[in-house]
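The block underneath contains the structure these notes are about, expressed in structure tokens.
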């Protein structure tokens with residue numbers, strides 16, 4: 001079964017909380033702060049694995065979460081870091097943000113590693129805050145929250161050569177014949193229900209061929225299985241457009257050719273700019289000659305491309321086709337390898353966050369209470385516990401409480417009026 005798309009909620013581990021603790025030992029009368037820091041939360045990584053060929057291992061999971069860091073302890077003990085999570089995916093998997101549809105990363109080679117959710121840093125214990133001005137700090141921090149994302153995983157098979165054509169064009173038979181694989185074949189619609197890959201060897205070189213199934217008229221609009229599988233064409237360097245000339249398969253092979261071309265145009269016309277080998281198949285059929293002549297006559301009116309005539313089943317004339325495919329591949333190999341390396345390098349191992357201006361919003365809730373919020377305020381609300389007066393004072397400094405209160409006054413609020421940050425009420429001074 002082909003499982004090539006799924007959506008998962010991913011969460012990195014939260015950082016552990018720092019603690020407030022005091023040294024109380026008979027031989028150390030000075031005492032002092034002794035609270036340790038929290039451990040770092042685990043990261044979530046994506047890693048390419050060429051041994052996988054579908055997303056079935058992820059299909060039935062709703063979420064994947066890394067381990068939280070442990071809280072700090074007394075005696076300056078730092079909490080244990082949370083374990084990282086490594087999600088293995090097949091090579092060819094594209095991961096997008098399911099909310100924004102932004103592509104996050106393309107996994108293009110085995111071993112490629114990408115940090116998709118970063119674990120939160122551990123919070124500081126009170127020992128961290130000791131200074132010449134504050135020798136007994138009653139301060140601590142909670143750990144940072146781990147990053148989260150709802151991500152869509154979509155597998156687009158990576159192949160050097162993709163075989164296109166209507167059902168019964170003989171794509172699976174040709175891949176079987178050239179690669180000595182054993183794909184299911186028969187003379188009925190949609191024999192192949194998922195992209196099938198075969199390695200074709202020729203003159204000490206090898207290329208991966210993919211049989212792309214399900215393309216019929218209106219495939220680009222979702223008819224048949226076409227829309228699900230057209231996407232696999234996008235990664236192929238070359239395409240073979242296979243057209244059956246057997247009477248049992250077609251009334252007009254040129255019309256069959258145009259059907260596929262129109263579907264490619266509607267799906268993504270850029271695909272037509274790639275090298276496409278036009279191949280008439282099943283020339284071994286006794287009734288094929290008239291269809292061959294009909295196709296060649298009509299095709300010459302629109303193109304001067306070379307048309308190959310083969311029998312995939314009997315391997316007739318296939319060497320000529322392979323010779324030209326491998327020759328063209330060698331011409332472009334270095335360029336494609338360079339482009340692949342550049343693309344992989346464009347996905348840095350550690351994401352670079354886009355800095356955004358922090359905008360503070362002031363809105364009234366259903367009870368006419370002012371609600372103040374921003375990313376910075378939410379961050380420090382989560383980081384600083386309100387368990388000591390010093391922590392509360394530090395929170396107010398971090399969010400610039402004086403500026404918030406002045407803005408509320410400018411909006412008509414008065415001294416003594418209440419306002420809310422997250423779930424905590426404050427009064428304007």
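Each position is counted from 1, following the chain as shown.
Keep in mind that glycine also has a Cβ here, set from the backbone N, Cα and C atoms.
According to Swiss-Prot, the protein carries these features:
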- 1-158: domain 'Obg' (DOMAIN)
- 159-330: domain 'OBG-type G' (DOMAIN)
- 165-172, 190-194, 211-214, 281-284, 311-313: GTP binding site (BINDING)
- 172, 192: Mg(2+) binding site (BINDING)
- 351-429: domain 'OCT' (DOMAIN)
DSSP on residue 168 (GTP binding site), three-state: which is it?
coil
Over the domain 'OCT' (351-429), what is the model's mean pLDDT?
94
Mind giving me a neighbour count for residue 213 (GTP binding site)? Other Cβ atoms within 10 Å of its Cβ, every protein chain shown.
25
Mind checking how the domain 'OCT' (351-429) divides into helix, strand and coil residues in DSSP?
29 helix, 16 strand, 34 coil
Counting Cβ atoms within 10 Å across all protein chains shown, which of the binding-site residues 282, 311 comes out on top?
282
Residue 165 (GTP binding site) and residue 172 (Mg(2+) binding site), Cα-Cα, nearest whole angstrom:
11
Which of the three DSSP-derived classes (helix, strand, coil) applies to residue 311 (GTP binding site)?
strand
